[in-house]
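Features of the protein shown, as given by TrEMBL:
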type	residues	note
TRANSMEM	B:12-32	transmembrane segment
TRANSMEM	B:38-60	transmembrane segment
TRANSMEM	B:67-87	transmembrane segment
TRANSMEM	B:93-113	transmembrane segment
TRANSMEM	B:120-137	transmembrane segment
TRANSMEM	B:168-188	transmembrane segment
TRANSMEM	B:217-244	transmembrane segment
TRANSMEM	B:256-281	transmembrane segment
TRANSMEM	B:288-308	transmembrane segment
Amino acid sequence: MDIALTILVDGLIYGAWLFLVAIGLTLVFGIMKILNVAHGALYAVGAYAGASLVGGYLFATPPAALQLPLLIVAALGVALLLGPLLEGVLLRLFYGRDEVVILLATFALSLIIEDLIKQVWGVYSYYVSEPYALFGVIEAGPLFYVGYDAFLIVVAALVGLGASAFLRLTRQGKIVVAMIHDSEICRAMGVNVSRAYLWTFTVGVFLAALAGALIAPTLAVTPTMGVNAIILSFAVVVIGGLGSVEGAALGALIVGCTRAATVHLWPEGELFIVYAVMAAVLAVRPRGLFGMPEGRKI
Amino acid sequence: MTLRPSPAPAGRALGLAAAVASAILALLLLAGWAAPSWAIYTATIALAKGLVVLGLVMLLRMGLISFGHGMFYCFGAYVSGLLASGAGLTDALALTLAATLGTAALGLLLGLLLAGYRGVFFAMFNLALSMILYGALLKSVSLGGSDGVSVPAPSYFGLVPPDGMRSLAAYGFVATIACAAGFLLWLVSRSQLGLVLLGVKGNEIRLDYLGISARRLILVAYVLSAALAGMGGSLVAIVSGHVIPEMAYWTTSGEFVFITVLSGPGSISGAFAGAGVFEAVRLATGQYLPNAWQLLLGGFLLLVILFLPDGISSLARRRTGTADASAPPAGRVQGEG
């Protein structure tokens, strides 16, 4: 019984991280039909920005109360700098082309950003471990959990609920939902679709950078962390159904728990179980658990 | 409707293409004789990778991109490597044939599942499958884990080349296979099958009305591309003497996609030329700019998809204004080996 509980908690922690990375990816795809391969690289940029600001690399380590706000500021800075730049200058050139062409464009972008990271921050690992101790240790029976991990679960839940509420309850959210269904009609009704795309992409970048900045205290920040994150979050959003927030949450939980179970029960399978689950889900439901079938166009 | 290998290339065109292929082979072999040994090794690897690209070019003609063909490349390499190191089979041709057939079988199995997918889903499903192979190989102790498997030196039709000749022999072998495969692919491109492939990208529903199953076409092309990737992987295994799980990692697949998009769907020799340029540039940047290699790749890729959607090989075509106006421009098939 203990092992089941451990798996569940580990899965929840891992799933929270996955969800934080994946939600930006799925939102951008859902709204703009762009599968942003560079999402992982942006996540890495967020982690580096957070580490530089809080880890004592740029200036002395800030006091405890300022550490979390500064991590968020770092993510915000990355988003406001890179979001408008990438969408407004670059991606805009590819609108109207095949989905696959845009996939290639963002693939190119991820290669570029990954090398720029190496140019700016070098190839060595960065550490920003101070915030990890902010919430102390939680004792759960015989087991100990780091408070920061619980904090990440709370953040993931808040971000998910926030996105869901925004899309359902606010005027802007409803416009976005309308855009998902038919951007041309929206334009005809007077919605400024290009501005909405700019905002959507910037929010996507912010979510990627936020995930990176918040996860940075729990691991070593390296140039390759983006690659690992992007393929896992692909699996998550594809399992849930590309473009669906609820799907990403469910996908993150499924992947998180499956991986935790595999780590505990069958360690050899750890590296590929996620993709095996993804392949199994896709084989049964080609568009993911929450995915909508697409009509054929003549 | 059954697809026949017609309109058959007229006998003269066929002969001409065969002559071109042989001429290219002769040139390659001559160049190999004169080139320094590091260039021979790079060229051998490039020709082998060109085979993988050739398969992806077939898929690209249908508008499909696979971010997971490293899987077949790796699978072919491991089939070859394990047969050589485990079963003691060292004949290069036998190894390559076994790997090609084995990979084709894997391609058929996965193709049945994948033929229903298009666009982003096709690309990413392939990626997931390749990562399964990567993870499994990395953790399998009996297959060498992350160290991979080392492959003993090959023999060619019972002959073992002396030490100084080994890389030249490998080069000659790979060049011959690459030219033969290029010629065969040229035949396929000219066949009815090769021509209707273009229709999958153009308009699937019209294909349906013609009585042609897009699904089956995709399956055929997928198996073909898998076999070519396996062949390329097997050749790399034989030439480099080592196989590692990273061959299935998604960055390897990304490289193949990169070369494919760069060389474009139009030309067969372009696939090999693209692979050659890629390996050469990699060699140069690895030497001088180790941390700007991906930056260069990414920038170049952006420029190509922005300004040359049909790849670099479309430049040559634009300049010479090749005839054959009846073929659709996106997938115009060139008469070359």
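Each residue, glycine too, has its Cβ placed from N, Cα and C.
All TrEMBL annotations are machine predictions without curation.
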(Q) Ranking B:12-32, B:38-60, B:120-137, B:168-188, B:256-281 by the number of C-beta pairs under 8 Å to the transmembrane segment (B:67-87), which range is first? (A) B:120-137
Q) Quick one: do the transmembrane segment (B:256-281) and the transmembrane segment (B:38-60) reach 3+ CB pairs under 8 Å, ignoring pairs fewer than 6 apart in sequence? A) yes
Q: Using a Cβ distance cut-off of under 8 Å, indicate which of B:12-32, B:38-60, B:120-137, B:168-188, B:288-308 has the most pairs with the transmembrane segment (B:217-244).
A: B:38-60
Q: Quickly jot the same-chain residues contacting the transmembrane segment (B:38-60) by Cβ under 8 Å, restricted to those at least six beyond its ends, or write none.
A: 28, 31-32, 66, 69, 72-73, 167-168, 170-171, 174-175, 177-178, 181-182, 185, 188, 197, 221-222, 224-229, 231-233, 235-236, 239-240, 256-257, 259-261, 263-265, 268, 271-272, 274-276, 278-280, 283
Q.
Cβ under 8 Å, sequence separation of at least 6 from the ends of the transmembrane segment (B:120-137): give me the contacting residues as numbers and ranges.
A. 64-71, 74-75, 78, 110, 114, 143, 145, 245-246, 248-250, 253
